[in-house]
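Visitor: Per TrEMBL, the feature domain 'UDENN' maps to 13-442. The region 'Disordered' annotation in TrEMBL covers 768-791. The repeat 'WD' feature in TrEMBL is assigned to 898-937, 938-978, 983-1020, 1021-1060, 1061-1093.
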Amino acid sequence: MAPIFEYFVVCGLGPEIRTLDGNKGYHGVGVLYLPSLLDQYPPENHTLYPPPPPQLPTCVLPAGVEIFSTGFDVNDPSSSPRSYPIVLTEGDGSKIYVSCIAFRDPVSEDIAEAYRIPPNSFADKCICLVSRSPSFTVIRNTLEELFALCFSSDGSSKPLWDVIAHLVSNVPLPTPGRDRVLFAIENCLLSVDPPPKNGLPHVDISFQPLVQCLDVDNLIELFTAVLLERRILLRSNKYSLLTIVSEAICHLIYPFRWQHVYIPSLFFSGVDYIDAPTPYMMGLHSGVDTSYLVMDGVVVVDLEYNRISTSEEIPPIPEPEFSSLRMDILKLLHPKVVGIDQIKTSPAASSEQWSIPCNQPWGEEQDLQLRLIFLRFFASILGGYRNFIEDSAAQAFNNQAFLKKRSRSTHQPPDAMVSQFLDTHGFLDFLERAGSLEESDSNLLDKLQDAIGRGQNPMSILPSSSTEPEIVTISDPNGGVSRSGAKYIYDRFPSNIRTEEQEEKRKQILAAASGAFEYIKNAPSSPSVQVGKEALSPMERAAERERMVLDIKVKLQGLWLRLLKLGATDDPLSSFEYGTILALIESDAEGIGGSGFVECISEHIHTGWQCQLTDEQFIAVKELLKTAIILATSRNDMSTVRDALEVSAEMYRKDNNNVPDFVQRHLMSLSIWEELRFWEGFFDYLMERSSDKSANYAAQVTSQLILVASHMAGLGISDTDAWYMIETISEKNNIGYKQLIQLRGFLTHIQQLRVGYWGVSSVKAPSISSMGLSSPRPKDGTDENQQPAEASVVGRSWVQSMFSRDSSRVNSFARVRKWTSDGASDSSAAGQKKLQTNVRVLRGHNGAVTALHCVTRREVWDLVGDREDAGFFISGSTDCMVKIWDPSIRGSELRATLEGHKRTVRAISSDRGKVVSGSDDQTVIVWDKQTTQLLEELKGHEAQVSCVRMLSGERVLTAAHDGTVKMWDVRTDTCVATVGRCSSAVLCMEYDDSTGILAAAGRDAVANVWDIRAGKQMHKLSGHTKWIRSVRMVGDTLITGSDDWTARVWSVSRGTCDAVLACHAGPILCVEYSAADRGIITGSTDGLLRFWEHDEGGVKCLRNDTIHSASILSINAGEHWLGVGAADNSMSLFNRPQDRLGGVASSGSKLPGWQLYRTPQKMVAMVRCVASDLERKRICSGGRNGVLRLWEATINI
């Protein structure tokens, strides 16, 4: 028989001390340190047992190890030993059950001496019994007896570790339904009862804590959330309660199983896992602060206060099942109250299908009844489910037919809860298991449905326990009194005997620690934190990096799968999944995020994914891959570049609608292909891989250079540049002139093939298409740079050979092992002036900055410059706070913090005396700017608020995702009118207070224009095919930017489209109008900033700037200055020279009047929003890390 105890483990303060932040050494009392595995049985070199889980020390001491000046004190309850269970989940889904006792134990003398820890100090220590059986009671009782034996004043008859060895090696797991095992620890007799052979799964916990912590309604809500596989976070100040409640709720969903992340007791340092996008069930100590986390969609269950909160609605259990379930639970919990009106001889009492125990203390009978109540719920709500399994082999279930049948039987529309439940992993897993013979024989759900159908007692489905179990006694042949008759008494928990190798390693670690301490003591100028980090050994650094890589890859895997599941109405580019993946790619200096994302897609393709993406998903994936390639290029990470290109090729072959655009527009535009160092390294790799080692050297070089030349041509390198690089490589390898002539001729031939495949427009030329398209014409939405409909066979063969995984071919973008160390240097534009710049980092938010507003002079009517608040920046964040910043006060920029929102702040505006903000909590709050008091909370929207605008006359204009635009009167705290309605979410709006004209647009791809003063809608401007993300209205001109990669210019009075601007290669996120020259500026996710000018033939694109490598988020134009902010963490400032001010560029002008001034080095964060103060030449950006970056350019014209 298998042993019931798999391991005995001791965790605590090891010889290598490190804080939770990773700093080595002792840093005083009150600091938390990482726990280590100190001792174990069986020993680590035992070959018959797998090693304990590596995360075990961190999980059994989730708060870390704290050092104390005193040990156990009867007057200090916090110093008492604590006993609690934890459950770990392995990669295959199997569970490990651990019973823990944490207590204060003296710090070892050698550790205290090496780290200069004060003598007689104590530290947290935890002893654990690890088992594969959910026998919580016997594991806990055994551990407590061992703990009592260790510190007993009478002592033990044999060494403690001998007792432990006997228990772990000899106590077996009973045979289900047959054996009861008896064993002893000193004079205490313990037993292991047999688990049931058939019937409900074995559970050795009480369900009473669950029903005591949550009332019936909250219990049902938690049950529903678990059933629908939501993200669930349990909170309590007791570790035992977290584990018991987690296990109890998992047993209540039987016959279904929780299929996702399961961490009943989350260690404190892993609190960031709560923001994971995939379903999970976690328990977290209530003392851990989570206020800085986003927590969107997380179901937070407070077990101490009987409270459940979530930002996403949980669909209720439908009738009649809800009322039946609720009544059955109430009967079990409060039988006297429920049956107070019933008489003892009631006919209903005699017809009850099963008896509910009354007036009895809670015990195993009540646990069983509670489990059967929930099983009967499943039998009811899934009645007849087997009739809808269409393919018994594949277990295909007809959801729609089942829902229609249920709707007819209940006379109600299809239930949202049941519909969502049928799509869960738990239900699919149940169908798979129900199809096997082994599972079908023990399927209690089917048996209960049959019993109810026949009118039988549901208790009949459970096996009878009439037979007495056989007693198996485990005796210790060496038990009793020791040979010498001595007793073993301990003043601390003893250490197991170490091997010579373990002892030597321990001495080396402590010697190194002692030496580091002496070094710190003699070199006070070197901070201890730095010394500690430098002292990391190569193996330690490798282990830390491996853990970090695994953590990032797991997060990317979940984010990627969730990105693909976004609905048709969801916007991938503004989703949490896209933003988090982008942040992981951009913020990781070692490239783990980029390479991990590419690897994630590659693995998904190889598992059978057909690369079918919606247009919006393709845009998001394209941007992520492009960012990964660009950053990998900057790091010389050729492996990631190669893998990203191969993934692109795989997607190309599977989805010809989208990916050719990515190959043509974006891969060809990357600067890496124009760098000689790339092709030199690639050539060296090809030479290393060359299979024909016996060939003539010159012929071998020539054949590999021909392959290099073909890739150069295919990637759009001009003939001149390609020949220069080929010639340079040839000269370094000393090939003859005949081979050079051959290469030159071949390159010309390949160039012709490339033109035939890609089309002439794909050559890297200074401009692609200079004119916007007049409207309306049939070709409005076309793109002259589009790939021809029919591609040559040679061209497709080139793409396939370039990315082929066939081992018989040379992998064109395999790892290049030799790179030159010189990096590309940025060159300044001609005529660019040197600036005196000042960049300040403003910290205060605990979450991503999601809204940013600059207080302009016009807003506060600052006619003579006497308003100090002109130039203030106001920010909003996922931490639900609004902060006011005064850039004029260096070092103390934070002016005020406004608290009142319950969810993420999305929009901000202001006037002379007030600040207004809109949030995901569907409210609009008005604040007093001077006193920072909350004046009004405007409620009326039914979805998150996306836009706010403070107007004259104490009015506020708001727009939300419910499709409405509302006008509010702040003085009366009322909604004056709903001035506009759209068919979908409003993402942007513009309002001209002088004329009363309102324009709003969003997900319905229609720009709506209303005359508020006349109370009517003027136009519905149709033409865009996808979401409209930005609008700008100046006079009679309205400009819109859309996800369909175009911007449109409309006439407000006529309601007509005057021009379509279609040169971008991605969604247009922002548009701006420059009144100085009647120019239009557009910014897109392709990183391009395009300048357009009105011409006789329409609107002409004069120039495009490629200074940014990521999405343009904000464009703000003034009379003399133009501010731009992008998601690549940079901001740009443009200036119009004096000789052009007030004039309009002539039609023959090749360049607009704006001259560029670049910003300093980027910050390490993904920028979410940007605001500009052009009057003071300041630009401020808000990052995902909660940091604001204020750039101030002091320029004298």
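Every residue, even glycine, has its Cβ placed from backbone N, Cα and C.
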Visitor: Using a Cβ-Cβ cut-off of under 8 Å, list the residues of the same chain that are 6+ residues beyond the ends of the repeat 'WD' (898-937) and lie near it.
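Guide: For the repeat 'WD' (898-937), the sequence-distant neighbours (Cβ-Cβ under 8 Å, at least 6 residues beyond its ends) are 294, 296, 311, 847, 850-853, 855, 859-861, 867, 869, 874-878, 880-884, 943-950, 952, 956, 958, 960, 968, 970, 973.
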Visitor: Would you mind splitting the repeat 'WD' (983-1020) into helix, strand and coil residue counts from DSSP?
Guide: 0 helix, 23 strand, 15 coil
Visitor: As a test of reading the model: what is the averaged pLDDT for the repeat 'WD' (898-937)?
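Guide: 90, rounded to a whole number.
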Visitor: Near the repeat 'WD' (938-978), which residues from the same chain, at least 6 beyond its ends, have a CB less than 8 A from one of its CBs?
Guide: 859, 903, 906-911, 914, 916-926, 984-989, 991, 993, 998, 1000, 1002, 1010, 1012
Visitor: For the repeat 'WD' (938-978), DSSP counts of helix, strand and coil?
Guide: 0 helix, 26 strand, 15 coil
Visitor: Within the repeat 'WD' (1021-1060), count helix residues (DSSP H, G, I), strand residues (E, B) and coil residues, in that order.
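Guide: So the counts come to 0 helix, 24 strand, 16 coil.
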